[in-house]
Structures are given as structure tokens and as C-alpha cells.
Amino acid sequence: MKKIVTYIKIFIPIFSIQAFSQNLVLNPSFENTKRCTELISNFSHNVTNWSTPTFGTTDLFNSCEKGTVGIPYNYNGMQKPKAGKNYAGFYLHSDENYREYVQVKLSKKLEKDKKYRISFYISLAEKSDFAIKNIDFMLTENELKTTIWRELSERQLMKQDIKDFSFHKIENNRFYDNDSDWTLISKDFIANGNEQFLTIGNFIKNSKTDKILVSNMNRYNMSYYYIDLVSIERTDLPKTLVKKSNKLNEEPTKELELKEITLNKNHTFKNVVFNFNSTKLSASAKLEINSLYKFLKQNLDTEISIAGHTDNVGTIEFNQKLSEKRAKSVADYFIFLGLEKSRISANGYGDTNPISTNETDGGRNKNRRVSFRIVKK
């Protein structure tokens, strides 16, 4: 074990007027799971906050696995995550009208007559025979638990004696046929009020599904899509005062007691903090990074993984990009100091891995962080 010196941060708060909305979808990119698994059909009982409303067996793909449900290569094709390390996959067209869905509980109920925007990313799996247009969503007051395996249509819901639901069709003039990259789907809508569960999928039967043949090689009669970064946000929030860091003190003011660095464990930088919407490192941040650089130079058999995180203020896309840029800023300074690129990795996780609540200022401050992990080569 080695020890490094950390320093206390000082900042001067000012205020600016901004309008931010909160993503109501919990665990939006499926990062929080109970276990790493190599099995298909592992979504419903493994992904925190998520479930499936039918007997359809949605899949989770995870970076910790190589093979059937691995990333980037898996049993239905190849795709890297849009954000984080995981994504989900589901059949939206298949023989005998078989369907799969994803369902999530929102962090709070939707408010009547308020305006919201749903967004998520999808990518067509390479082994699909068809690309489709019909990827829509449904909102319900309660979690759906049905015994059907086919399309979750209004007729099927009435058979299950389910009454509190609203379908929302996403108008689209083109087929979702991109299998090399992610396609953003979004729609603005007005809430009926009290909805707290979101379900995404294809809610109509095969004969009414708009589809186009993209391959005559597979002959499975199916459309399979990957999905990542799901969001529901208010779009009509009033502008409010938010605290913003105008300037960071460029001098470290006080040393803390020495802290041990444990291998294979996540540590949070104490002084790597940023001005609002900035990726510039302060002098105290550079001093802390320099201390860690010395440790890495003395231990040549180690590598460092850097992770950027944000709170959930702002859009999911904004948070993802900002976390990536801040992690890269730290990595670039290590390289500037002389650390080999091959010993560094940097990733952003947006607001997907909070360590505290996002409902309080103190909790959000803890979630806005850059962390690192040192491992043996």
C-alpha cells in the first residue's frame, strides 16, 4: 500500500438563472444490476428498478461478460453501449406475435397536464430480418404483471382487467434500420396525471406492424433491438436560481491526513472539482493528480481507470458528455505528466451511478465527482 496527500477544495458560489429538469427514469442505462450473468432472458430479475410486464424474456447485455450476452459482441450482433457498460435487448417482432418489453418505475408520479419528453436510444441487431417503425410507449399508474407472451395491445390489457393505461404512439416516417450506431427516439407528451410506470416496445401484432426486409439470410422472421439511455423529463419547468461555481481557489489551503490507496477499489478525488459546465482543472486538482502520478510511476505494474460522474441536474445527454470530458481532462493531465497512455482508461457515466441521493444539495455535491481505481496489470 502507498499513501498520497489530498487537499481541501474552496470555491466561491454565485447564482445564475437556468431551467433544469430531472430524469425520472431510475437506472436509465441499466448499470445497476444484481449480478454479472452469461444467461439470456436475464433482464427482469437482475436489473434494478426494471422489470417486464409480460412473459416475454427481455435480455441484459453486460461488459463483464464475453459471449452470448456480452458486449460488444453477443448472440444477436455487435454494439457498444451508448453510455456506461450495459444495455438491454428485446424482440419487437417475431413469430406468433411474440413480444418483449422493458418496464420501469419512475422516481415520482407524473403531474396532470404537465409537459414531458421521453427519449431513448435504439439500435437494430444485425441478425434481424426486419426493421420496423412501431416502437412506442405506454404509461400506467401501477406495475403491469400479465400472463401473456404476445403483443401488449389494448384488447389484451382489457382481457387482463387492466384499465389505468395510456398508449403513446411515436410518429416516425422512416424505419429504424441503423445497425451500426444508436438512433435517438423522442416524443413530447402531456401527462394524464398519476402515471408512475413506463413500458417501451411494439404494442401491435405482426400483420399491422410497419416493417421492411433488411436481410434474407437469417429467416427468423424477427426484429431485435438494443435499447439504452431511457429518459422522461419535464419540459415546462420555470427558470430558477441555481448555484454555480464562478472561480476555484487556485491554491491548496490545507493538507488532510495521509490516505492509503487500496488496489481494486474505487477512490474519489478530493480536489478534482470543476467550475459550472467546465472541464478545466484547478491548481489543487493538479497537485492531487500529481501525487497519484508519483505513486503510479513508483509502481510500474499498475494501471489506472478514471470515471467521471454527475448529478441528475440537466439532460441525460448533457450529463453523459460532461462526465466523459471531465474524465478525459484528468486522463490528459496524467499523460502530460508523463504517464503512458496504455496505463490509463477514462470513461463517463453521467448520472447513472449515484453514491447519494439527488434530492438534496449535499447529495448532488457527492454525486458530482471523478473517481479512480488502480489495478495490477
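Positions of Cβ are set from backbone N, Cα and C atoms, glycine also.
TrEMBL annotations: computationally assigned, not manually curated.
Per TrEMBL, the features are as follows:
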| type | residues | note |
| --- | --- | --- |
| DOMAIN | 261-377 | domain 'OmpA-like' |
| REGION | 348-367 | region 'Disordered' |
| SIGNAL | 1-21 | signal peptide |
Seminar exercise, completed: The mean pLDDT across the domain 'OmpA-like' (261-377) is 87
Exercise. Helix, strand, coil residue numbers for the domain 'OmpA-like' (261-377) per DSSP?
Worked result: 48 helix, 26 strand, 43 coil
